[in-house]
Amino acid sequence: MKRLAGISASNGIAVAKAYKITTPNLSFKKVKITDTDGETQRFIKALKESLHDLKIIKANVLSNLGNQNAHIFQSHIDILTNNKFTDAVKRQIQYDKLNAEWALSTISKNMIQLLIHQNQDQNNHVVKKTVKIKINFIRDVTNRILSHLLGHGLPNLALIHRPVILVTHDLVPSDLAQLNTKYVRGAVADLGGKTAHSAIMARNLKIPAIVGMHTITSMVKNNDVLAVDGSNGTVMINPTPKQIKKYEAGIKKYWSQLKKLKNLKKRPTVSKDGFPLQIAANINNLRDVSSAISIGAEGIGLYRTEFLFMNATHLPTEEEQFRAYRYIVKSMHGKPVTFRTLDIGGDKTLPYMKLPHEHNPFLGYRGIRFCLDHLDIFETQLRALIRASRYGNVSIIFPLVSTIQEFKDAKEIYEEVRHSLVKKGYKIGHIHVGTMIETPAAAMLADKFAKIANPINIGTNDLIQFMMAADRGNSLVANLYLPFDPSVIRMIKYIVDCCHQNNVKACVCGEMAASSVAIPLLLGMGVNELSMSSMSILRSRSLIKNLNAKAMRRLVNKIVKSASSEIDVIRLVHSSIAKLRNRH
């Protein structure tokens, strides 16, 4: 029995056996064989096992994430069932009298070289990307067959069919996209921070997750029993039967509390003294929309459109994007929907597009910088978004804007695209065009941005890491990622004040928006909207209805004047809330 502490990335409690995600060694030697028929049968067996894997993966992805994502695995199946490919491997075994691994690798390399040769004169970037995707598919299929030939088996979350806690070196969004939450009860990782995108996905999937544990993978064996408590960021390895009962009681209590909160689903978010504060949902995909609606979200405060791109096998066309955006807008029945344009870069990549290697990707080629440099992608997305606006209440915001000129350039492109669509006869709704403020440079110019952008969405995840010079995904500097440092509180208050002075909607859409320490402060600042993962909405609504906005305003002013550390801020918040409770 051992108790370890990390960074809580997603709330909840779970007890299950450990399932370690490790990448197997797929190296092999060239071996001469005499029994070619036996070796061929070994290859056929590995083929069948690989096909079985892929059918299960495809079915799980289809049910969890829809046909668009399942199509990737159908492409893998098509390669496996292609007689030209499989017959070529069999002939290689018979002709060269070499082991199946060597024959498979040889044919795979030949196929890739042929694809490259056939398309070497193509200058069309779409064709080039399609070829690259096909090459990756061939490599993926080859590795899967190799893993069975070598007796290893590739890790794949979609294949899990029993209750487990994932144990991994790093939580990867592409892996999380495949898991079946019926069986995966929680996740723990060596690396990561509370605001990394994989952590955000874990919250959306409603599974407890602990990250930044440094050595959890070396301390846990497969089938060790793990008790994960996302509320305090702890993991118990092989707890006693008595401790397991305690955790199971905690699970029941957790779900019981959530059940009580359901009474707040259809109620507006209003403080005790009548101050309205809209609570909206952050979403990553179409699946998240139904969760947002069912939990009582008052809008979609942030749709991270890059996940539509990340989960595709190609650049989504205008029509594909339009259908997705229209679905979201129509589903919300007039409630506000805020779309953030493509925010690729940092820890988010596209499988079909090679981005330049950077030493500091979070400070590099991402957000609006990427979009202004790829006008074909940016304009296609804007056309789809503008067309979808006729079906509801739409805002478009631009990510990682640092300068006024960047916003003006992006807004000018938006206006040109809009004018072109109007000229062609498209019906278009009223659209608010705003910006994310997530760089200190933009924050310091909030008074200028508030004159030309509406809404203003404060992206606290990036803003905090840039202000504190602490990578939010790096557990080694997690102690410096201080969301309640007085400098951060002052900066957010300044941005909100600038919004109020210009009658602009002030929104907070980072993970700070759902923090029980931050919510009283954001209420006191007069923030108009908080946007968070769906599972945090009812708990936040419950907290706000018991707070007095005027008292919180006095608290914010006191913190701005007197606090000099994060500890001061947290102490003052807790003290203020305790006084309110004692009065009533």
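From the backbone N, Cα and C atoms, a Cβ is placed for every residue, glycine too.
Among ARG267, ARG326, ARG340, only ARG340 appears in TrEMBL as part of the phosphoenolpyruvate site alongside ARG304, ASN461, ASP462, ARG472. According to DSSP, ASP462 (phosphoenolpyruvate binding site) is assigned to a helical segment. Annotated pair GLU438 (Mg(2+) binding site) and ARG340 (phosphoenolpyruvate binding site), C-alpha to C-alpha distance, rounded: 13 Å. Each residue of the domain 'PEP-utilising enzyme mobile' (162-233) gets a DSSP state, and the totals for helix, strand and coil are 16 helix, 19 strand, 37 coil. In the structure as shown, the Cβ atom of ARG304 (phosphoenolpyruvate binding site) sits within 10 Å of 21 other Cβ atoms. In the shown protein chains, 23 other C-beta atoms lie within 10 A of the C-beta of ASP462 (phosphoenolpyruvate binding site). Over all protein chains present, the Cβ of ARG340 (phosphoenolpyruvate binding site) has 25 other Cβ atoms lying within 10 Å. Other Cβ atoms within 10 Å of the Cβ of ASN461 (phosphoenolpyruvate binding site) number 22 in total over all chains.
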